[in-house]
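Have a look at the structure below before the remarks.
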Amino acid sequence: MGRVTDTGNSPAPSPSGAPDHIQHPRAIRSFVRRAGRTTIGQAKAFEQWGPRFLLPYSATPLDLAQAFGREAPTILEIGFGMGEATAHIAGLMPEKNFLCCEVHEPGVGALLKRIGEHELANIRIVQHDAVEVLDHMLAPDCLAGVHVFFPDPWHKLRHNKRRLIQPPLVAKLAAHLQRGGYIHCATDWEPYAQQMLEVLSAEPALQNTTQGFAARPDYRPLTKFENRGLKLGHGVWDVVFRKS
Ligand SMILES: C[S@@+](CC[C@H](N)C(=O)[O-])C[C@H]1O[C@@H](n2cnc3c(N)ncnc32)[C@H](O)[C@@H]1O
């Protein structure tokens with residue numbers, strides 16, 4: 001195993017004798033906090049819509065019915081970026097709740113702005129690491145679906161370990177899904193698409209809804225970014241697995 005810290009300081013040993021940094025290595029994160037300017041429009045959206053649609057991260061279980069003001073099937077979205085697909089899908093499916101996690105502040109502002117513009121009542125945003133949200137805020141069997149669209153591909157081999165779709169996270173997602181619930185991932189990076197297929201196929205609680213890759217489900221819009229890639233001849237791969 002590689003070094004966990006670079007500080008050169010030796011942490012005090014824990015009662016078991018092992019240094020704490022060995023027992024509790026810093027979790028590998030799937031994101032880096034990108035710099036990015038929040039626009040005036042996004043800042044206004046934070047002010048206007050934040051109090052109603054942002055849920056604070058807290059290491060305590062979230063009451064979904066209370067958070068959304070109703071009981072409805074809940075879809076978790078991990079890493080919504082600027083929220084283009086999120087707002088589109090939430091508009092198509094007013095009968096579902098969308099719990100959406102993103103760490104990038106301008107993205108959160110952009111989705112709040114879309115919520116205001118399209119009067120979307122069925123989205124709640126947690127501006128925090130989705131892995132911690134899963135671990136601490138969500139109960140087992142509480143989700144009807146999970147969307148992970150174009151997660152950071154972490155192209156370089158030495159960064160592959162930062163990818164979201166890996167066995168431990170997929171096991172966690174499966175445990176949070178209700179029976180009949182689904183995981184839908186999409187990527188434009190073929191090696192990651194193969195990894196998604198392999199990792200999801202290896203999770204015993206999940207079954208592929210089709211042979212191999214899925215056709216893009218109608219609800220997932222072609223975003224500007226994806227359209228541009230397709231025009232350049234790049235591929236896009238969807239995978240949809242279900243918990244039986
Ligand atoms: C490449 S972008 C794709 C955004 C969007 N889904 C789309 O299709 O355009 C990936 C996003 O995932 C976010 N992200 C990565 N890991 C995350 C995590 N653990 N929790 C929440 N957001 C995360 C990043 O901040 C980034 O905005």
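Each residue's number is its place along the chain shown, starting with 1.
Cβ atoms here come from the backbone N, Cα and C positions, even for glycine.
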Of the candidates D129, D218, D238, the one that TrEMBL places in the S-adenosyl-L-methionine site of E77, E102, D152: D129
Rounded inter-Cα distance in Å - E226 (substrate binding site), E102 (S-adenosyl-L-methionine binding site): 19
Contacting binding-site residues for ligand 1, chosen from E77, E102, D129, D152, D188, K224 when the Cβ sits under 6 angstroms of any of its atoms: E102, D129, D152
Neighbour count (Cβ, 10 Å) for D152 (S-adenosyl-L-methionine binding site): 17
Lowest local Cβ density (other Cβ within 10 Å) among binding-site residues: E77, E102, D188, E226: D188
